[in-house]
């Protein structure tokens, strides 16, 4: 029960962090357009600014996130979580004061710098914290709950923004972000380091288990995976250490490849979607809020209820394939939307695509030792950040081109369709890996039978 209370405090902090971060998203497109291209529905400069921000943020996060994850293995999760939680306050505070052109550009610079420490790092540390507290057998459900709590913050923030004026939205977001930093430091216990081992017998997610059996079962627990990396003399892992970790296991290398292609499509969709909807259907702040609300509610419902139930009956590999199939459908429907209501239908498929990231993270978590959770999750977050670098470089000019008056064809969803093909590649790779693992398992069973 003590461990369960610890996770409860963590979930509250995660909810508050995502509430503050996401409630400004419906308003930021209009703020950007008003500052850069006032009075216009289409603006290539705003699209390029958004793409440049994503590229620089991803490039910084690619370097910072594995380092932060590795440092959390040594110094604890709470100390490192303080960094992204505190830094996230600054850009919100700037727009809470004013949204004029000068303030917007100051916000833009600060947001880019803050994103380097916030994008990926917070999620990586939250996952490592949960892995410290929950046994491997129930980690998929626990990661799903964490993602569901984050989605609940997304839904609550978006719903709140729906009823607030733009100026009030940023003020409330800044206040909640500051409260999150205080709550984290004052209430959330530390985790990580040498004391992060959790035996299955004491797992708070396993009802009816007895902690008295911990000693006798610890030698055979699936938590005790030998470290894949030698101990670091310093706090910063080298690039060769990260490569060795990811290539030392078929599961880890497969997770890295699927993460890259799916994240490339996902970030490509994020780069193009809001500007595409504004140009195609004239969406404004309220329509953006409604769409994000549906998407967030679908993800929250999936991760809090559907995924924990399915995780009891099927493995992470099956959940991943189902999620990737839903993700492909989700993106392609946006690309071919023929009416203003089709994006709302597309958002419903997040019920399935929400399985993707928790399933990948569970496979990664089960493949490394307890003292490598931070760096392993950091490496996967770094790969996702690398995809977020490439996505705006590819999809920003492509989106600006197909939305411009000089486009050679009238298909405003073309860039989103290209993002859909990236998610389709991830689905194909996952299916081939699943088939390869099944074939290897059958061969092993035949060999064992012949030996017997």
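Every residue, even glycine, has its Cβ placed from backbone N, Cα and C.
These numbers come from a predicted model, not from an experiment.
Residues annotated as domain 'Major facilitator superfamily (MFS) profile' in TrEMBL: 6-438.
If you look up TrEMBL, you'll see 7-25 (among others) marked as transmembrane segment.
Residues or ranges marked as transmembrane segment by TrEMBL: 45-67 (among others).
Residues or ranges marked as transmembrane segment by TrEMBL: 79-96 (among others). Nonlocal intrachain contacts for the transmembrane segment (79-96), taken as residues 6+ away from its ends with a CB within less than 8 angstroms of a stretch CB, comprise 13, 17, 20-21, 24, 31, 68, 71-72, 103-104, 106-107, 110-111, 113-114, 117-118, 121-122, 125-126, 129, 167, 170-171, 173-174, 177-178, 180-181, 184-185, 188, 190.
The transmembrane segment feature in TrEMBL is assigned to 102-130 (among others).
According to TrEMBL, the transmembrane segment annotation covers 142-164 (among others).
Taken from TrEMBL, the feature region 'Disordered' applies to 213-234.
Here TrEMBL flags 243-264 (among others) as transmembrane segment.
If you look up TrEMBL, you'll see 288-311 (among others) marked as transmembrane segment. Within its own chain, the transmembrane segment (288-311) is flanked in space by residues 22, 25-26, 29, 140-141, 144-145, 147-149, 151-152, 154-155, 158-159, 161-162, 274, 277, 319, 343-344, 347-352, 354-355, 358, which lie at least six positions past its ends and keep a Cβ under 8 Å from the stretch.
Distant neighbours of the transmembrane segment (318-336): 140, 258, 262, 265-266, 269, 273, 276, 307, 310-311, 342-343, 345-347, 349-356, 358-360, 363, 413-414, 416-417, 419-420, 423-424, 426-427, 430-431, 434; these residues of the same chain sit at least 6 beyond its ends, with a Cβ under 8 Å from one of its Cβ atoms. Under the heading transmembrane segment, TrEMBL lists 318-336 (among others).
Sequence-distant contacts of the transmembrane segment (342-360), counting only residues of its own chain at least 6 positions beyond either end whose CB sits under 8 Å from a CB of the stretch, comprise 140, 143-144, 146-147, 151, 255, 258-259, 262, 277, 281, 290-291, 294-295, 298-299, 301-303, 306-307, 310, 316-317, 319-320, 322-327, 329-331, 333-334, 336, 380. Summarising the annotation, TrEMBL assigns transmembrane segment to 342-360 (among others).
For 380-403 (among others), the entry in TrEMBL reads transmembrane segment.
Listed as Cβ neighbours of the transmembrane segment (409-429) (distance under 8 Å, sequence separation of 6 or more from its ends, same chain) are residues 254, 257-258, 261-262, 264-266, 268-269, 272-273, 276, 279-280, 321, 324-325, 327-328, 331-332, 334-337, 391, 394-395, 398-399, 402-403. Under the heading transmembrane segment, TrEMBL lists 409-429 (among others).
Three or more CB pairs closer than 8 A are found between the transmembrane segment (380-403) and the transmembrane segment (45-67), so contact between the two stretches is assigned (pairs 6 or more residues apart). Cβ atoms under 8 Å from those of the transmembrane segment (45-67) belong to residues 29, 32-33, 36-37, 108, 111-113, 115-117, 119-121, 124, 235-237, 242, 267, 270-271, 275, 375, 378-379, 381-382, 385-393, 395-397, 399-400, 403 of the same chain, restricted to positions at least 6 beyond its ends.
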